């Protein structure tokens, strides 16, 4: 699709209705904006200043209200800086240094910037070569337009169009994970990190061309070479997330915030060359019988000790364990909220606090799942799943994981052949992007004699069933594995991809807590069926189980819990083993 000329009226596709999170005044302003068809003036010629302003400890943050910006805030404060939030366009123009951590959809972000009168101020600030750092969408908005729900006009500062990754050749979209950079010489804030992995999570990217090469400071290869960062003078923007890229990402932020001291800390040597396989630590969190939040672990989903007291298995405190796994090298930390608050997620203050405290010192992606659905509280007040997810994002989550509610949505979609747009999966994906939505699948192996025995997709199993059965299908369950549903894991995975899932967390009840390895047959079935990343879960007991799942399937990541909690297999041992087997990982 050809991009709309810069300065032209927005297309109807770019004028999507405001989300339910908009206030009445914002919605009124939105419709006035559409009616008037305000046009942003094209910025003039970019002139590079000799030096940047500033020197104080205040960072101005442009938070337009979508996604997890808490992590950026925490990273800035962790580095010793104070934050001033943008309230008006004048706050942008008066900033000494400005960070724009954009998340969500391109069109929604441009709508908000225009509605609040900030687009012109932001363009002016950047064109004056003032210290600026854009993150993710904060990079994409600098370009002329985007094909996301468009074409949609951007700020037009950098020539080029932002387009979607091409999944037709088998590329998994979104691009999620730790990838390597090819850094240009003299890229300042990126010096010495070209041989390290940084964290990406996006479906759209800008392509380098002759028209924008003077802006490009690094590229990344995923299907093709795309722009990973831009820089000119005091203006920088990165497609990856430095606040989620561990010590390397903090180094990038530090160099932007303190350019005169940017060589005081140099990253250790790395060997990054391509997209790494991820090793994820999972923490099942619930209240014990005393009401304290603990990390527990089930045995085929049973989390109580088989003792006379029958107490909840306690493997540690969630914030402490998450911090330790970050130090140990976990590529992501996933929380599964299985507390008694699931009937009222927004009343789950302890779990929200876990996220807030964890994100203060853990600078890798955080996922949280459990209870993300529409509900009505005891007073009759209705809360949408979008409101629930928004609170998790504001508390520090980067992704939310949806389980039972996604099963019901998929069943309805397969029954009617139509997308309702009302499911939690669809709502959250529409507002925050599919990269922010993980669907957790909890299947149980059902042995059969042949594929013709069931209407669902089956697979030949490596180990025959108890009666010599050579095939099995995988029945999906809800409510913590307690209730089977008339849908298979294959059918569910295909459906949720269509509904907007950006990633699949693939569990297996039969393997959970057994330590005998992942269900390779299941992981291969699902990872071959979808074009979004698949996380293998349930059953890891040795380092060899991780290399096996990566060598025999198309899994993008592997998740474990109990072996990490009990210190049976440290994360570093897993990564060292994978490197020895020739599998790229982040070190």
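Using N, Cα and C of the backbone, Cβ positions are placed for all residues, glycine too.
Bear in mind that TrEMBL entries carry predicted annotations, made automatically and left uncurated.
Here TrEMBL flags 1-21 as region 'Disordered'.
The compositional bias 'Low complexity' annotation in TrEMBL covers 8-21.
Under the heading domain 'Glutamine amidotransferase', TrEMBL lists 61-253.
The active site, for GATase activity annotation in TrEMBL covers 136 (among others).
Long-range C-beta contacts of residue 241 (active site, for GATase activity), restricted to its own chain and to partners at least six residues apart, with a cutoff below 8 Å, comprise 71, 135, 136, 198, 199, 200, 201, 249, 365. Feature annotation from TrEMBL assigns active site, for GATase activity to 241 (among others).
Annotation source TrEMBL lists active site, for GATase activity at 243 (among others). Of all Cβ atoms in the protein chains displayed, 29 besides its own lie within 10 Å of the Cβ of residue 243 (active site, for GATase activity).
Annotation comment: TrEMBL describes 371, 507 as substrate binding site. Residue 507 (substrate binding site) has a Cβ environment of 29 other Cβ atoms inside 10 Å.
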Number of other Cβ atoms within 10 Å of the Cβ of residue 136 (active site, for GATase activity) across all protein chains: 26
Rounded Cα separation (Å) that holds between residue 371 (substrate binding site) and residue 243 (active site, for GATase activity): 27
Confidence summary for the domain 'Glutamine amidotransferase' (61-253), mean pLDDT rounded: 94
Residue 507 (substrate binding site) versus residue 243 (active site, for GATase activity) - Cα distance in angstrom: 29
